[in-house]
Amino acid sequence: MTELQPIAVLGGGSFGTALANLLAENGQRVLQWMRDPEQAGQMRRSGENPRYLKGVKLHPGIEPTSDLGAALQQAELVFVALPSSALRDALQPVAAQLSGKMLVSTTKGIEARTFKLMSEILEEIAPDARIGVLSGPNLAKEVADHALTATVIASEDEELCLRVQQALHGRTFRVYASADRFGVELGGALKNVYAIMSGMAAALGMGENTKSMLITRALAEMTRFAVKLGANPMTFLGLAGVGDLIVTCSSPKSRNYQVGFALGEGLSLDEAVQRLGEVAEGVNTLKVLKARAEELEVYMPLVAGLHAVLFEGRTLAQVIELLMRGEPKTDVDFIPTAGF
């Protein structure tokens, strides 16, 4: 009997672990790689990932490992769940082993130095690989707890999309397909910025009207920026756009929301990130997004306002007051506008 070909999941964080568990529950053999041998050993011994996904029992079909080469050698389908700041350095040394494989990025971030999305970095490292992006309203703890969830696999490669759907689709996890890889990935990266602002608003006791305004204007702002870069605006009306934005801006389980909430409680940015204990991609994305928006002359007042709060000494209340003074323009459109 032929042994089942394993699927590799790169990353020992909360989402990588939830994804590995889901794959294993669907009958897949999973090699989950993490840089820290001690973490891999602890997960093998305890059957849990107490640092990033406490209280969730791991399926025995998961094989934690710190040997990246061995994990890649056996797998054809590879899910990449690494922080944006670490992805290039982690994978560049094993570029030859990535050639021809199906590489699916789950990281919702932007590389600060280059403003490249993770799938673009994967293409640079492994030009012959088949690239996809997995994104949507997918809080790791809820995926692990089998809450009803849907996601999007985006790629121009239809065979890759089908392979991912077959591997992940199950009783509580539904996988839709999209050909707009750029739009799906950009939506996942951009929404993290607005989740920080929503968390701050919640901590400061702002009303539901205010929260709703922030989310809907964030969607308009994200779409405006994405269209400027060539994305399909309709993508932002789906799971990877408004769906991901809503859950990230509304749930205390969201890492970026948690950072924003801590800031609203009076913690410094360093203290808020330290309390989280994990990477909050929105902080890094905010810095490069503001600069890129100015370079492209895209009107993004919420991004500029949050940057003023985090890095220029303004308060959220001051920024919102300035935004409310601005001249209102159109509500819903898919072309650049000059109004908040």
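Cβ atoms are placed via backbone N, Cα and C, with glycine included.
Lys108 is the residue from Lys108, Lys287, Lys290 that Swiss-Prot records in the sn-glycerol 3-phosphate site together with Gly136, Lys191, Asp244, Ser254, Arg255, Asn256. A 10 Å radius around the C-alpha of Glu281 (NADPH binding site) takes in none of the binding-site residues listed as Gly136, Asp244, Ser254. Per the record's binding annotation for sn-glycerol 3-phosphate, residues Lys108, Gly136, Lys191, Asp244, Ser254, Arg255, Asn256 show a top Cα-Cα distance of 15 Å.
With respect to Cβ neighbours within 10 Å, the binding-site residues Lys108, Lys191 differ, and Lys108 shows the lowest count. Among the binding-site residues Lys191, Ser254, Asn256, the ones whose Cα sits within 10 Å of the Cα of Lys108 (NADPH binding site) are Lys191.
For the binding-site residues Asp244, Ser254, Asn256, a Cα to Cα distance of within 10 angstroms from Ala140 (NADPH binding site) holds for Ser254.
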